[in-house]
Amino acid sequence: MRCNARNLSSSPLHFPKGSQHSGSSLSLASTKVCSSMDEGDGPGSEDPGDSLAAEIMDEYPQVPAYIAERYKVGRTIGDGNFAVVRECVERSTGREYALKIINKGKCRGKEQMIQNEVSILRRVKHPNIVLLIEEMDTYSELYLVMELVKGGDLFDAITSTNKYTERDASGMLYNLASAIKYLHSLNIVHRDIKPENLLVSAPSCFRVPRISDVNLGVLCRVSVTLAMTAPQCLVNKLVYEHQDGSKSLKLGDFGLATVVDGPLYTVCGTPTYVAPEIIAETGYGLKVDIWAAGVITYILLCGFPPFRGTSDDQEALFDQILMGQLDFPSPYWDSVSDSAKELITCMLQVEVDQRYTAPQVLDHPWVNDDGMSENEHQLSVAGKIKKHFNTGPKPHSTAAGVSVITVSV
């Protein structure tokens with residue numbers, strides 16, 4: 001059944017006014033931070049716990065003692081309807097993390113959604129996914145210690161880099177497809193893959209390393225002993241580090257993620273990246289993530305989305321998505337390889353059975369190294385991205401991915 005704008009207005013699909021390209025979804029999962037802290041702060045400095053010196057507070061009234069004993073809690077780097085995110089430093093190691101504090105009193109009616117998201121975060125452990133380090137549950141709050149990602153989101157990285165090539169875009173897709181392949185192997189669909197939820201580990205290093213399925217770098221397992229005074233404290237001390245210290249793209253915000261055990265019908269996502277089968281309400285599954293990744297890849301190479309509509313005509317955008325008529329207009333695509341165009345076409349097939357899977361994306365010559373050695377032509381997409389997606393400096397050089405829940409439960 002086709003759905004129109006009127007039907008969507010009462011559905012779980014929710015978009016902020018004046019934008020089809022961005023969506024805020026209050027998520028408990030990832031924390032995106034463009035921090036003014038130096039990369040060298042933390043382990044290796046004279047006093048590991050002092051990297052946030054003036055901004056760290058040893059005692060924060062809302063943080064229980066067993067947390068304050070383990071972490072130095074610093075300034076707020078993000079807040080949402082029912083959560084606040086603060087910088088923190090693990091006292092024993094000097095590692096920097098993000099502490100997400102969820103107010104249970106403000107979450108009434110959303111408990112099942114929160115439990116679903118946290119249960120997924122417990123399961124996923126991959127270098128290209130923002131990691132849940134540990135969780136602590138009290139009567140009134142849920143505390144999540146998350147991996148801290150300082151490099152901003154995907155668009156931040158592109159618009160701030162001096163040189164950006166087709167090979168860079170290929171590296172980004174490699175990292176994203178690796179994360180999607182891993183999630184889909186667990187029958188988990190993300191449902192909200194978009195540039196705002198793709199985080200770069202450092203703004204100074206845009207060129208993303210390729211991470212093979214065999215060599216994922218060094219997986220450091222840290223054993224932790226907690227005092228029994230910590231109520232329902234679950235520790236998941238897995239920290240991914242790469243041997244060469246290189247950076248990577250990380251997928252976050254699992255607020256809409258769910259396990260697929262049959263066709264899904266909940267209408268949710270962000271308009272620019274939503275798959276046609278979600279709009280059509282015919283039932284959907286894992287491959288909606290591939291569609292979103294295809295839209296992102298298209299944007300990475302030209303600076304604007306493949307399907308476009310005015311901010312006040314959402315129905316026109318959905319009509320374009322449902323038709324799936326894809327073009328690569330001149331002059332924006334003249335210098336882009338045919339291999340890239342072929343891959344995008346395979347990822348943006350309206351017929352789900354014909355759409356690529358994540359392993360097929362990873363096996364494509366444009367994504368693996370076989371066909372990429374010559375694609376060092378510099379792309380000029382930053383200006384178009386700024387125009388189409390309202391990117392710009394974040395207040396106080398800090399942004400946090402604490403978003404607003406979009407699924408009604």
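Numbering starts at 1 and runs along the chain as it is shown here.
Glycine residues also receive a Cβ, built from the backbone N, Cα and C atoms like all the rest.
Residues annotated as compositional bias 'Polar residues' in TrEMBL: 1-12.
Residues or ranges marked as region 'Disordered' by TrEMBL: 1-52.
According to TrEMBL, the compositional bias 'Low complexity' annotation covers 18-30.
According to TrEMBL, the domain 'Protein kinase' annotation covers 71-367.
The annotation ATP binding site is assigned in TrEMBL to Lys100. Other Cβ atoms within 10 Å of the Cβ of Lys100 (ATP binding site), summed over all protein chains shown, number 27. DSSP classifies Lys100 (ATP binding site) as strand under the three-state reduction.
Across the domain 'Protein kinase' (71-367), mean pLDDT in this model comes to 83.
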